[in-house]
Amino acid sequence: METTTSPARAKAGSAQHPGTVARRRQRVGWLFVSPFLLIFVIFLVVPLGYAFYMSLFTSTLAAGKSFTGADNYIKAFTDPIFLEGMARVGFFALVMIPLQIGIALLAALVLDTLATKLSKASRLLIFAPYAIPVVIGALMWGFLYSPRFGPATTIFEVFGMQAPEFLSANLIFGSLVNIVTWQWSGYYMIVIYAALRSIDASIYEAARVDGATGTQIALRIKVPMISSSMVMVLIFAIIGTLQFFTEPVVLRNIAPGAIDAAFTPNMYAYALAFQYSQFNYASTIAFSLGILVFIGSYIFLYFTRKQSGLEK
Amino acid sequence: MNIRLIAATGLAALGVATLAACSSGEEGENGESAGTGGSDQACTNEIVNEDATQVLVWAWYPSFEPVVDLFNETHDDVQVCWTNAGQGNDEYSKFSTAIEAGSGAPDVIMLEAEVLSSFTIRDALVDLTEYGVNDIEGDYTEGAWSDVKSGDAVYAVPVDGGPMGMLYRKDIFDEYGIEVPETWEDFAVAAEALKDAGAPGVLADFPTNGRAYNQALFAQAGSVPFEYDSAQPQEISIEVNDQGAKDVNAYWADLVDRGLVATDDAFAADYNTKLVDGSYAVYIAAAWGPGYLAGLSDAEPDAQWRAAPVPQWDLANPVQINWGGSTFAVTSQAENPEAAALVAKEIFGTEEAWKIGIEEAALFPLWTPILESDYFADLEYPFFDGQQINRDVFLEAAAGYEGFTFSPFQNYAYDQLTEELFAMVEGQKSSDQALDDLQATLVQYANDQGFTVN
């Protein structure tokens, strides 16, 4: 940045009317930014503002609509269904994120050390689930889990055992974790792998000369050097998990008993708006979720500011 | 960062919601593209008379296109422009959003009778008495008419009904020497006999997400969960845990406990397979059930289905029940309510239209000229080896049905019922506790929604 801007600034300073030139430049700058700004305002700022405005009202079936200010927010943060959903996605995050990132990191490190044709094929195969649309992936797993269509019944029968009921209330948590891990590990792996490839190979050479083993290189050199990518991957995973929606919605069609309409906060907002016609409260729930996601990401970024490169 | 995050939340939710909505069709036989609302959209059908007033209709009946074509060919001044906006909840979600938005609803909409009051309370439907709907009251059964009527207002024209019967597998009954049950007591005995005889399947399924099905079973024992009249829209009586409901629930909980019935979720893939592969010997079904069964793939080729009356609690005083059934309502967003009302009244108002509906779409008519005709009573159904199921079962069931009152928040009530019944079959709650909890939840909800609960 420094090197490109300083000569320009020097030139502007030598002109006769430095203020006008700078202002004109600013105007040209706005011109370039305006298409983006227009779309940003129309599709992000306005809907967000409207949703917030809606969340300040309460409309009931029998008593009509009235302005209630922050009441909806107080209701949301004391609503056991919303809090239960938040706790559930929080628990999902605790289990799912380390699992996904762990698999992704391990796969990336292994692939990084292999230089055979096999590694290219493996890379593609691990990435493949991400190329499958989420809804399709969830539908597919739904059939795999099915006690009648799924392969589990047959496999367990070979050993004379009864297959677990993947779609029962007890196992649905693990079944969902499995789908998400299957789908996203490959994607995170590619991001981590790309970061690993950008490390100068001479560093490894130096380490090897110093007597470092493969594991030591991996843990002491590679991982610290890609920490900013790791932070990025983690923040994606946190946001994605807190917004958990598609997979449980799709599985709900197969296991409506085990997954209720308010299984995650996003599903709760969806059910409120489109099934129970409570658009105001749904806006509140969606906004509250947004606030919690923001706080969660902010805290995470704050504590990882060194690793992420946000602060030198 | 914060704005992007929150926006991403909303956008992702919306995008994903659309996808999920598209993929959640329960019966999945009608793969037609769903409309997006708005009156300027293309119709699925062809318009015969371009100059006539067009009425936009949302409906999901199977084989509906020939019925629409018939209407358009026989009407010069009004033409139907039909769109399939999804089935059941998919359509209701779109309609509900259009109501909130103030635009985008069709002129005429297919609604199940159970959700009518959920929409009248939001002023989304037109009272059709202004448009001469009372003139055709005589063409419908009393129960059907009471389902679309609220106070003096009539909010829809009935189309098809779901009088209930019992479909059973004659081959399985014969193989294990099971008698066709006439009462619920017989039914429990038959369930035990089938299990003792070593049959691989069970007698029937008790789906915790049966919704209208479970409610109908409760109603048969005299349960009246809701009292509601849209003339006094702010008052409601709720008693979902009355004695009738508790007795029936205890009965099924007992069968579940003893492993005599399955507890698979209805309309899920496994349930559909089990319906046709002999895992359930009995399908307690509405009159549209045979059509549903026939539409499922992988049916056993030598399965022999028969229809019998639904089991009774007291044979001396039989109670007939209803599951599903739909109507045509005119929305308050209709530009020309008069033309819309005409469509609602006349589209299924001819024998020709009904013959298509019955023969192609397996609908059960509530329109008496055809319901009471010899044609309908004599109809032989190849699916039942030529049994005249209407004469044997469904006509009597339809005649005995007296109507039912649903709550103005039926979708919520059903979702809660599903949760409670699931907790019950999982062994977390007793059958009484499940219904008592349901009662408490619904009363709380009604209070929150500003109702006076009696």
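The backbone N, Cα and C atoms fix where each Cβ goes, and this holds for glycine too.
As recorded in TrEMBL:
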- A:30-53: transmembrane segment (TRANSMEM)
- A:86-300: domain 'ABC transmembrane type-1' (DOMAIN)
- A:89-112: transmembrane segment (TRANSMEM)
- A:124-144: transmembrane segment (TRANSMEM)
- A:171-196: transmembrane segment (TRANSMEM)
- A:225-245: transmembrane segment (TRANSMEM)
- A:281-303: transmembrane segment (TRANSMEM)
Can you tell me which recorded stretch out of A:30-53, A:89-112, A:281-303 has the most Cβ pairs within less than 8 Å of the transmembrane segment (A:171-196)?
A:89-112
Cβ contacts under 8 Å made by the transmembrane segment (A:281-303) with residues that lie 6+ beyond its boundaries
51-52, 54-55, 58, 72-73, 75-77, 82, 86, 231, 234-235, 238-239, 242-243, 265-266, 268-270, 272-273, 310
Intrachain neighbours beyond the transmembrane segment (A:30-53), with Cβ under 8 angstroms and 6 or more residues off its ends:
283, 286-287
